[in-house]
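Here the structure is laid out as structure tokens; the discussion comes afterwards.
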Amino acid sequence: MVNQQTLTLRGMGCAACAGRIEALIQALPGVQECSVNFGAEQAQVCYDPALTQVAAIQAAIEAAGYHAFPLQDPWDNEVEAQERHRRARSQRQLAQRVWVSGLIASLLVIGSLPMMLGISIPGIPMWLHHPGLQLGLTLPVLWAGRSFFINAWKAFRQNTATMDTLVAVGTGAAFLYSLAVTLFPQWLTRQGLPPDVYYEAIAVIIALLLLGRSLEERAKGQTSAAIRQLIGLQAKTARVLRQGQELTLPITEVQVEDWVRVRPGEKVPVDGEVIDGRSTVDESMVTGESLPVQKQVGDEVIGATLNKTGSLTIRATRVGRETFLAQIVQLVQQAQASKAPIQRLADQVTGWFVPAVIAIAILTFVLWFNWIGNVTLALITAVGVLIIACPCALGLATPTSIMVGTGKGAEYGILIKSAESLELAQTIQTVILDKTGTLTQGQPSVTDFLAIGDRDQQQTLLGWAASLENYSEHPLAEAIVRYGEAQGITLSTVTDFEAIPGSGVQGQVEGIWLQIGTQRWLGELGIETSALQNQWEDWEAAGKTVVGVAADGHLQAILSIADQLKPSSVAVVRSLQRLGLQVVMLTGDNRRTADAIAQAVGITQVLAEVRPDQKAAQVAQLQSRGQVVAMVGDGINDAPALAQADVGIAIGTGTDVAIAASDITLISGDLQGIVTAIQLSRATMTNIRQNLFFAFIYNVAGIPIAAGILYPLLGWLLSPMLAGAAMAFSSVSVVTNALRLRQFQPR
């Protein structure tokens, strides 16, 4: 038995921290899998409860200097309020540190200008540059940035290094040298070392890093806006009918089987079934479907949707954490906390990044000191290398884009189950569309019935056929039963019923052995169908599904069944083709019927006469040719194919089994969601590549420049203050670029 637990993490300063936590959790006995997401500040852990417990995992994380606790319930208003208060307090405290350090740093820079420029500046007294005064002003700045040093010490005790290590070593080295100059200036001069102090550089660096961290925290908070928006859709109260009275109750007190009244203009508070009234309901906020949906007695309604025109009384069927909206929130949370395969590259880099930077800084100091013997130059370049390096940008490049992308998908009624699914969707080459319920409405109806014999015999045959099909759950069977009932027939008892998947059904009705199924299957049973062959072919050529009715081994009638195409089917097929994708239709219908329907929607490749148990094999066959395949379906018999496909896309109007087997779910059932999901995946992955490019180029270019590579050519060195500014804003730029995805709109 394996349990899964999502933990919220606090205290991570960069991606190296996330990698460190992931490694220590993986090393615990009983932990089978662990994924730490720096952007989401969460860890997903799969563990064997017989070998370890959540408390032990938390203790290990706490021992490493971080904080961990189980993911809080987002539906708990009190917990949510506490989290908002905590985040607001944290941002307020960080802002105060930014202001304090910024003001003092400005004063230190102003006081240092005459010394740096070598001239007297009116209005700036020279005593402002006194080392003792600057030391006193720098100490509050170090206190404001104490988290860098505390986290660096924690990392050192664990024999590891993080971004905080780079900051602490860089500013710490500059501070200790400046302190030595302040306390022992003459001794340093006798040693041939310049009596220069770097207090203003230290203060500016810490102020800029704190500013960058403040902006980063604010931006990261915006990436989870989709979750907060979804939760905000839920009604706060409900009008519940109990003992003949209408009571206005908090939504948390509504129970299953309660009768709930919803007036025009009010939100539907819970999932339920209409038991009285008629109305139109706007479901766009949950499903993405723009047109209001008619609702009447017997129809299902979704909590958080908006009742438009009439008054409804509904029977609550799902409340609290079981509602459709709650399940959406849970899926989006899981997707945002998951890790995309492309993240592995950044994880591999951040694993050795900090030690490599420290080594480069030491080498830089040694080379410059040995080359020109100038300790000031050597110190400036070494500190610059330590300060400019930024593993945070690498760590944020992928998770922030994933969080925004999955949240944006939810806005369009597209549930993406994991970051891997979102990444895979942009590589799709072939899209297989199941015909029934995907390209078509999924509500087939009998259009023609032709029987051998007089009217009485026709009615008898229709009654037998409807009776036999009444034992089947196939959509075509339901169509035949509905047609029979509309003709006024009475259903009979059936014995020895048997369903042959992909072929038909058989059984005894009133002592007659009856078979209803495809022409191929009837032929395999030795039943001659030539008497009605011409009509059979004509109906199939018109795109209709035709089944034969045989009694005691002889064909007696045929029925044609049609399922209307969805209004969006033709446009969606064209859109997929414009995206450069190969579109394939899969159906159990015979070749003539399948070709007629495919031609109507513009599909040229058809997989016809495919039994339900063969669908997964058809997907595998396309994959064996090197194709990245997406399967779109809605029924139970589509589940194996959805699981086999590289990306399984379930129509939300279908079965729970199909949805569970899929990677992406289209809540509204609108096929346009397929196009939107692929476009969103491509936009997200483009955004991630941009982020990774910026992060890599920034470090690849920034570190050599800070090390002084341009000095021999241009005589210019990068100031540690500029290095600090560049490092601070590199992470902010990555998060800001990820937030651009919030402007995504399908084309």
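From the backbone N, Cα and C atoms, a Cβ is placed for every residue, glycine too.
As given in Swiss-Prot:
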- 1-101: topological domain 'Cytoplasmic' (TOPO_DOM)
- 3-69: domain 'HMA' (DOMAIN)
- Cys14, Cys17: metal cation binding site (BINDING)
- 102-122: transmembrane segment (TRANSMEM)
- 123-132: topological domain 'Extracellular' (TOPO_DOM)
- 133-151: transmembrane segment (TRANSMEM)
- 152-158: topological domain 'Cytoplasmic' (TOPO_DOM)
- 159-179: transmembrane segment (TRANSMEM)
- 180-199: topological domain 'Extracellular' (TOPO_DOM)
- 200-220: transmembrane segment (TRANSMEM)
- 221-348: topological domain 'Cytoplasmic' (TOPO_DOM)
- 349-371: transmembrane segment (TRANSMEM)
- 372-378: topological domain 'Extracellular' (TOPO_DOM)
- 379-396: transmembrane segment (TRANSMEM)
- 397-688: topological domain 'Cytoplasmic' (TOPO_DOM)
- 689-708: transmembrane segment (TRANSMEM)
- 709-720: topological domain 'Extracellular' (TOPO_DOM)
- 721-739: transmembrane segment (TRANSMEM)
- 740-747: topological domain 'Cytoplasmic' (TOPO_DOM)
Which sequence-distant residues neighbour the topological domain 'Cytoplasmic' (152-158)? Criterion: at least 6 residues beyond either end, Cβ under 8 Å. 17, 20, 64-65, 164-165, 167-169
Could you check if the transmembrane segment (159-179) is in contact with the transmembrane segment (689-708), meaning 3+ Cβ pairs under 8 Å among residue pairs at least 6 apart in sequence? no
Residues outside the transmembrane segment (133-151) whose C-beta sits under 8 Å from one of its C-beta atoms, at least 6 past its ends, are 11, 13, 17, 65, 97, 100-101, 104-105, 107-108, 111-112, 127, 162, 164, 167-168, 171-172, 175, 178-179, 182, 197, 199-200, 202-203, 206-207, 209-210
Taking the Cβ of Cys17 (metal cation binding site) as the reference point, list residues of the same chain whose Cβ is under 8 angstroms away and which are at least six residues distant in sequence. Gly11, Phe38, Tyr66, Asn151, Ala155, Thr162, Met163
Counting Cβ pairs under 8 Å that are 6 or more apart in sequence, does the total for the transmembrane segment (200-220) and the transmembrane segment (689-708) reach three or more? no
May I ask for the residues of the chain that lie six or more residues beyond the transmembrane segment (689-708) and have a Cβ under 8 Å from a Cβ within it? 342, 345-346, 349, 353, 357, 360, 364, 368, 377, 381, 384-385, 387-390, 393-394, 396-398, 400-401, 717-718, 723, 726-727, 730, 733-734, 737-738
Intrachain neighbours beyond the topological domain 'Cytoplasmic' (740-747), with Cβ under 8 angstroms and 6 or more residues off its ends: 222, 225, 401, 404-405, 408, 412, 672, 675-676, 679-680, 683-684, 687
Return the average pLDDT for the topological domain 'Extracellular' (180-199) as a whole number. 73
Could you tell me how many residues in the topological domain 'Extracellular' (709-720) are helical, how many are strand and how many are coil under DSSP? 5 helix, 0 strand, 7 coil
Per DSSP, what is the residue tally for the topological domain 'Cytoplasmic' (152-158) in helix, strand and coil? 6 helix, 0 strand, 1 coil
Remote residues contacting the topological domain 'Extracellular' (709-720) - C-beta distance under 8 A, at least 6 residues beyond either end: 170, 174, 198, 201, 205, 377, 380-381, 383-384, 387-388
Going by DSSP, give the three-state secondary structure for Cys17 (metal cation binding site). helix
